[in-house]
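Working notes for the structure below.
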Amino acid sequence: MGDDSLYLGGEWQFNHFSKLTSSRPDAAFAEIQRTSLPEKSPLSSETRVDLCDDLAPVARQLAPREKLPLSSRRPAAVGAGLQNMGNTCYENASLQCLTYTLPLANYMLSREHSQTCQRPKCCMLCTMQAHITWALHSPGHVIQPSQALAAGFHRGKQEDVHEFLMFTVDAMKKACLPGHKQVDHHCKDTTLIHQIFGGCWRSQIKCLHCHGISDTFDPYLDIALDIQAAQSVKQALEQLVKPEELNGENAYHCGLCLQRAPASNTLTLHTSAKVLILVLKRFSDVAGNKLAKNVQYPECLDMQPYMSQQNTGPLVYVLYAVLVHAGWSCHDGHYFSYVKAQEVQWYKMDDAEVTVCSIISVLSQQAYVLFYIQKSEWERHSESVSRGREPRALGAEDTDRRAKQGELKRDHPCLQAPELDEHLVERATQESTLDHWKFLQEQNKTKPEFNVGKVEGTLPPNALVIHQSKYKCGMKNHHPEQQSSLLNLSSTTRTDQESMNTGTLASLQGRTRRAKGKNKHSKRALLVCQ
């Protein structure tokens, strides 16, 4: 992750405003000059409602508002962990947060896009649909993200998680557009991605000489917050919308009185997104040094104080995902995330490891990126989770997975996900997997005779080694990026030390080998049964 980011973005470009910097979705912006005085300001409650409609005329509406589909097939349990392919923790952490973004996930599970996609090559929406579908329907497994997700971005080294996140969001937004290159910027603001993540800023400049008002509107997909002097997200938001005085060298050149006069500039949210991506600016632009300080962020956030219209009720958002960076520089360290996969349950997603955690642990992190969703949207999309079918248990039949894979292939040629199915591996050390093995053992009254090879001296005398580890006790510790969990990944490379039993474990063996068939370079798991 360096200064040579591949994300084609830049700073928000307000005519007379430099306080806000963020990833900009496109170069389009609109400016509206007003000639009225404050007591006759055209920005009344009636006029404000229509301003964004003026910015996005009905020439072509790609995703009608309030028409996002609610999938009835979303499982209620947490999905799969993601295998670290070498310095890809930033990718895994971002994908997990997007996977548990309810409006996006429900749209992907509905397969509405793939059924109508006309792109000859794979698009990001089709690729994300395949990934989200497999991740949510593979609880207890570890899957390998498709290389197409980071194509053109990953260069074999650590990258910035925010840059990759916006790279992915922008690629999905472009996939929503028609195939031809010339697309009106108003049309871009009606895409599915903009309907989920997009909003509109209003920068209002008031000339203190003639009292004229100039309004500039600009779309956004994320919000960058300066935390240098802020102890909380609320303080950072208050600083962001605090009026700025323009005088002296920064005096405003008024287009109404045609004079260079002092003015005040106020930034507010004209429309707020369904899903807010708040980026805490922890890294310096030049050296990449990290600002390691605790910044408080709430579980519920009221965005009404930062809106242009103040005469409405609370606009409550709820936290559902957090991206965290562990380290001292943007050039190294480790990324992981926290997600709320159910209405109240939080999980820590650290590459292949998926663990239950509490909200106290979530709110005590040095967060880098925060994901909030409007409470009404969360409740609306959560209803589809309760109506969805129950997730399959650990070790469910492979035929069901293959049937789903074939179903995806028939929908669109981009949804080719054999590598995901081939790389679904069992997390052998999980308690539920061990219980499943014991259940298989109890189905047969006759216990097989096990031919057990040499057992490590540190194991109990009655221990049974199902998979002999090829790593010795004296092995060196790995860098956090290199140990995505030795016990979570499996391999088919057979060693001279391996000794497998026969009999009632034959079916379990066969299924394990099929699931691990092409994972040639991963580590062998060790399962000890008392």
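Each Cβ is built from the backbone N, Cα and C atoms, and glycine gets one as well.
Source: prediction; values computed, not measured.
Here's what Swiss-Prot has on this protein:
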- 80-375: domain 'USP' (DOMAIN)
- Cys89: active site, nucleophile (ACT_SITE)
- His334: active site, proton acceptor (ACT_SITE)
- 382-392: compositional bias 'Basic and acidic residues' (COMPBIAS)
- 382-411: region 'Disordered' (REGION)
- 398-411: compositional bias 'Basic and acidic residues' (COMPBIAS)
(request) Within the domain 'USP' (80-375) only, compute the mean pLDDT. (result) 91
(message) Fewest other C-beta atoms within 10 angstroms of its own C-beta: which of the active-site residues Cys89, His334 fits that?
(response) His334
(request) Measure from the CA atom of Cys89 (active site, nucleophile) to the CA atom of His334 (active site, proton acceptor) and give the result in Å, rounded to a whole number. (result) 7
